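Asker: Features from TrEMBL:
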BINDING   G276, E277, S278, G279, S280, G281, K282, T283  ATP binding site
COILED    964-1012  coiled coil
COMPBIAS  14-27  compositional bias 'Basic and acidic residues'
COMPBIAS  39-50  compositional bias 'Polar residues'
COMPBIAS  56-73  compositional bias 'Basic and acidic residues'
DOMAIN    132-181  domain 'Myosin N-terminal SH3-like'
DOMAIN    185-847  domain 'Myosin motor'
REGION    1-78  region 'Disordered'
REGION    88-107  region 'Disordered'
REGION    727-749  region 'Actin-binding'
REGION    1032-1059  region 'Disordered'
REGION    1155-1176  region 'Disordered'
Amino acid sequence: MSTIVRSSLEEMLDSLRQRDENEKPKDLPPALPARPKLTSRTRPPSQRQPLSKRLSKSDDELENGRKKEESKGLKRNVFGAMKVKEMEDSESPYAMPSVKKRTGRLREASGGKVEKWRSEAEWDDRLDYFVKKTLRIWCRLRNGAWVSGHIQSTSGEKAMVLLSDGSVVTVPVGEVLPANPDVLEGVDDLMQLSYLNEPSVLHNLQYRYAQDMIYSKAGPALIAINPFKDIQLYGNEFVTAYRQKFLKDPHVYSIADTAYDRMMEDEISQSIIISGESGSGKTETAKFAMEYLAMLGGGSNGIEKEVLQTSYILEAFGNAKTSRNNNSSRFGKLIEIHFSTAGRICGAKIQTLIFEKSRVVHLLDGERSYHIFYQLCAGAPPTLRDKLKLKGASEYKYLNQSGCLVIHDVDDAEEFCKLMEALNTVRISERDQEHAFQMIASVLWLGNITFQVIDDESHVEVVQSEAVTNAASLIGCTVNDLILALSTCQIQAGKDKIAKSLTVEQATDRRDALAKFIYANLFDWIVYQMNRNLAMDKEQMGRSINILDIYGFESFKRNTFEQFLINYANERLQQHVNRHLLKLEQEEYELDGIDWSKVDFEDNQACLNLFEKKPIGLISLLNEESNSLNATDLTFACKLKQHIKSSPCFKSEREEFCIRHYAGEVTYDATGFLAKNRDVLHPDIIQLLSSSDSHLPEDKKFSIPLTDTGVLDFQKQSVATKFKDNLFKLTQQLENTIPHFICCIKPNNKQLPGMSDKDLVIEQLRCCGVLEVVRISRSGYPTRLTHQEFTSRYGFLLPKDNASQDPLSMSVAILHQFGILPELYQVGYTKLYFRSGQIASLEDVRNQVLQGTLEVQKCIRGHRARRHFHELKGGVIILQSFIRGEIERRLYNTKVMSKGKVACEGSDEQLVAAVQIQSAIRGWLARRDLCKLQNSKMLNVDKRRSGRKTEVKELPREILPSVVEDLERRVAKAEATIEQKEKENAALKEQANQFEARCLEYEVKMRSMEEMWQKQMTSLQASLAAAKNSLAAGDTTGRPGKLEGSPSPHYYDSDDATSMDTPVGRTPVCFSNNSLGIVANREVNGGLSLISHLTMEFEQQKQNFDNEAMAIVHLKPGQLHSTNNPADEYRRLKHRFEEWKKEYKVRLKETKSKVHKLVHSKAGKSHRKWWGKKSK
């Protein structure tokens, strides 16, 4: 038993305090924090009609009167219950000294039984107040739901309540609680609620959730409700706003920012503990916290990107879809993010708890295995797919057994691409990545291996298929070795080994054990690789922020060994939360002698004792049965019933047993507990893996315990024991940090946005103890300082007379001097305890005094500096005057002592120079006066000659120099203008020469074009003549002999028009068979008309092109600066000629073909008609 040594002064204070306690009433409540500012909607009732004590009671008292317990969960009070008697001989990871209880220092809260009123009249008066004021209240219906309404009337212990939907119900008065005014709806901190009860907390959270405000404060803890949708509350803008303290609303960023600031200020490691049931959003919350810390501590090395990518890799290999959560973590993790002294991330470390291996081989309906299996099957590139011989996910029995292959709105192929990027970011080589995928594929092919019975004893052999071949190839062993390892068992018989065939069940278990072992080791290797790449130097290790994301509480239709360990871990985590939020603070008040009304809460220590107690705890009994070779799951269940049936948290039924957890009752199926707890791999499988090729990742070999004889050495520790030890180490590590808590709430089981299940939310709030946390925070003393710390920080504010007192007396004197009210602080044996916000007022006074002190010090230092400067300046001036005088005196003495000759020579030279300068100046003045005189005489002579009598006034001498300067400036300006004009003239001449050269060039081009056109025209004329000749020749060959009376060529009177009249004196010859000759001749004449048209067009176009070419050639020099450039005109003319030439050639070819057809058609018709005549 530890004792507390107290000084005589402390004992005197204790005696005085005891006397004061005896004098004051015993039932006074603790001082409460200030209420919100009074308004018309928050005005408290008058003193004449106080609130009913029944209505002001907490819901802890009301719950004791309930007759019915909810079907889900345990029997408990609302948000709390009476403390359960702790079981002895329990283990704990906390090193806590024994505490001597001090009776009389604490006053228990008035809870439990409802206080009986002295008279019915007094109770009726208080109910009348609510009836008259129509204040809103909460009442609980028979189904347990809280609804809002107003009291209409009361009758004894019953009250008639008008509900918000207009209906009227009668409820017991004990089921009525006051509601908060509307002005407090949606407050972001539950401590601001005037009435702190279950329906008010629930209503406030649902009000905020409906407006997408998913974060709320509950004292020191943060409540986060999963929205099941994307909300615009994250990103760089929000990170900047919370980092610069522009936003102060509840947020996961705010929790991370507080942890970061405290780490940098106190140089103590911090932890962010995220709790909640499966599907409440713990994993996403942890990712947002890591994102904020990565942006705050990001540096040039880019390690923050690697830290963020680890979450994605762990999700792919360790998360799966369950019936409650599409992205459920099937392992627990603690991520340590280490920071340098400058606040930059310098490394990270990942610790994992138990990994759910059974999900690899067995799935429940509607669930999926780990994401990586589906991502690999959907997104593997063709080369990798061919190498691993992959098929679709539906082809593998390990994946298709549950009937669920996809997740809504999730693209597994796209997720695989993101996974590849993440693996590259954390620097896992492509070779290792390929080996990892190879192991995943081998697990899938192992699941497709089947067995067939070969005898009456159900012995089996492996069915030869592609699954066996592919699995053996991927594992790196022969097909025969794999078949023997899966279907036979090697038995030692003396010095020989005998192979015994296995049954179907044994072979299947061995196959599944191999698959689970490979994947579990692969997961450990992935974590090992990331830790190795994120490791830091030992010199950099120091401060860190730990983020704990552990699997949530689970309760399914069938709960097995995995749920047993998961829920045990949640019990331990809940105990850690209760310890820091509820226990430690009250224990500290008790130890330090603080007058405190204790807040009761539900302590889960009894359930923890059920797990950890020795020698009859659940884990101890499980290990005992696991070590027994004859034990079965049934004997284990019977042993539990025999030894721990008296525990209030346990009950047993044959092969099932039920545990009352803090979150509700869970029934476990004992089947498979012993085998999973042993987790033994058969020696034949071990031998197979040891002899396989190096296809497994090389950096982490399988650790296989073997004895000297090669037989498997049974593990010294079972799975449950290892898990408990790891959990204790994790808890002790968290104990060395300053914790920050986030409680995640799942609003509904359907994972739908905007939907809230009140019963589900209430159960989670009860499990988290939210109401108790808020109560302790609101009525507690969040700020505490030791006497020495307080005096060292604020002692200078006292007069000098009190400086010699002890720290306790000085602390009390400071508080009295600055008027801190007694109800806002308490003095303990070792510390001072302050209500929320009180230390800030002292800090303001301290800062003001320090600021004034600094101003005075600044003025004094400035005055001293200026005075010292002036003194230095005066001394320097005096010193400079002395030095200058000394230098002049020495120079004078030197000159005096110099020889007279040198002095004379020097003076003669100066005299001669002066005379020369004077003579030059006098000569210049004489010449100037002479020039002026001559100019004036000439001016007088000119005036006399013109007959004008004008008096020549002598110009003042002082004006003439300015006139000369003006003339010189004009001359210079004229010369500059002439020079500029000459330059412009030269440029114009050069431009004219260029234009002349260009004209000559154009003339040469025009001549060449004329020659070319002449040749083309000659060619076209020759082609036209040839066409005419061919037409004439065709006409001649078409008619063997010219008939008499055939029409003359003058039958057509022009090229453009055809005359259909018979020429004078001429009559066309009529051929037989419908005048065939006439028609033929007309067709021939039509061909001649086409040729005439072409000829005329050719001549006309030739003339036009000649004229335009001549116009360009004979362009006058004066037209060079016109808008039409000769070169452009030439190019346009050439382009037009080329287009016309192409078109003309086409028409010429068409005309030629038409003429040819006419000639041949005529000849053919003549022959056909001739044969026709002959046949007649």
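Cβ coordinates come from backbone N, Cα and C, glycine included.
Predicted automatically and left uncurated, TrEMBL annotations should be read as such.
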Asker: Report the DSSP secondary-structure composition of the region 'Actin-binding' (727-749) as helix, strand and coil residue counts.
Answerer: 9 helix, 8 strand, 6 coil
Asker: Which of the three DSSP-derived classes (helix, strand, coil) applies to S278 (ATP binding site)?
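Answerer: The residue in question, S278 (ATP binding site), is coil (DSSP, three-state).
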Asker: Which whole number is the mean pLDDT over the region 'Actin-binding' (727-749)?
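Answerer: Taking every residue of the region 'Actin-binding' (727-749) together, the mean pLDDT is 93.
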Asker: Need the DSSP three-state call for T283 (ATP binding site) to compare against my parser.
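Answerer: For T283 (ATP binding site) - judged by DSSP and reduced to three states - the answer is helix.
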Asker: Within 8 Å of the Cβ centre of G276, E277, S278, G279, S280, G281, K282, T283, which other residues of the chain have their Cβ, at the recorded ATP site?
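Answerer: Output for this site, in sequence order: N226, N325, G552, C744, K746.
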Asker: Which residue counts does DSSP give the domain 'Myosin N-terminal SH3-like' (132-181) for helix, strand and coil?
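Answerer: Per-class counts: 5 helix, 29 strand, 16 coil.
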Asker: Relative to the Cβ position of K282 (ATP binding site), how many further Cβ atoms are located within 10 Å?
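Answerer: If we count other Cβ atoms within 10 Å of K282 (ATP binding site), we arrive at 27.
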Asker: Would you count the other C-beta atoms found within 10 angstroms of the C-beta of G279 (ATP binding site) for me?
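Answerer: For G279 (ATP binding site), the count of other Cβ atoms within 10 Å is 24.
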Asker: Please give me the CB contact count at 10 A for G281 (ATP binding site), counting all chains in the structure.
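Answerer: There are 26 of them.
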